[in-house]
């Protein structure tokens, strides 16, 4: 074999097959950019173990992480959205709904369940932000009212985890009506003397923040959650001024007295149970054993 044949044989040798990694095994933190093992991140409730950044969490997973295992019963799942107005922007509303339902496996942006929290009966609602930005339409409002009615029937407290861009524009006035509808329902909770706790997660904006999300007997926020009516960019363009750092974030709002406390997600379940037990004059719950990954200290010189 000549020298040129040896070179050609080496260049045409089939490379060894590399082990393929299934899609979705790894993910990257939105804040620090650290590559994270997906299963470990899920065990840590979507909180980055390196920088403690609270990533967005699916509504159904959130309810399962808070309520007692085996106690959950879904409410209002039979309610489904309809394109009554035959609305169309760049795409038909019914097509947007179909796409969102296919992508999320949910029928709308709010999931309601009743169950127990450390043995206490409770009704809980959580937004699915992946469903059209967690926007509030007729079904979201109807399910929220169903949650209130169930809490009244069971004489138990209610809590809601908000993650929404606001009212759903494709339902026009019908979506705006839900602001008054949900607020009126909560007035019945107040008359009965039953606690309603609102947990604001990233983001809670628009018509949701202007209605039931800020009407809690206790308004709790997750760290660095964006909370407000209009977004920072819209405000800057309107007032033509640069907004202060951290504007509309949880830490900014608690300084101004707009919310009551900031609670990290790994201890949220126990904090909610403790507060509700006190509000309902029940014995204090036993503290959960939290097995979260330790947050690595940040290098100040980095």
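Using the three backbone atoms N, Cα and C, a Cβ is placed for every residue, glycine included.
What Swiss-Prot lists as domain 'CoA carboxyltransferase N-terminal' is 25-294. Per Swiss-Prot, Zn(2+) binding site is recorded for 29, 32, 48, 51, and the stated evidence type is sequence analysis. Annotated zinc finger per Swiss-Prot: 29-51, in sequence order.
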Cβ neighbour count within 10 Å of residue 51 (Zn(2+) binding site):
15
With DSSP, how much of the zinc finger (29-51) is helix, how much strand and how much coil, in residues?
6 helix, 4 strand, 13 coil
What mean pLDDT does the predicted model reach across the zinc finger (29-51)?
94
Give me the count of other Cβ atoms within 10 A of the Cβ belonging to residue 48 (Zn(2+) binding site).
23
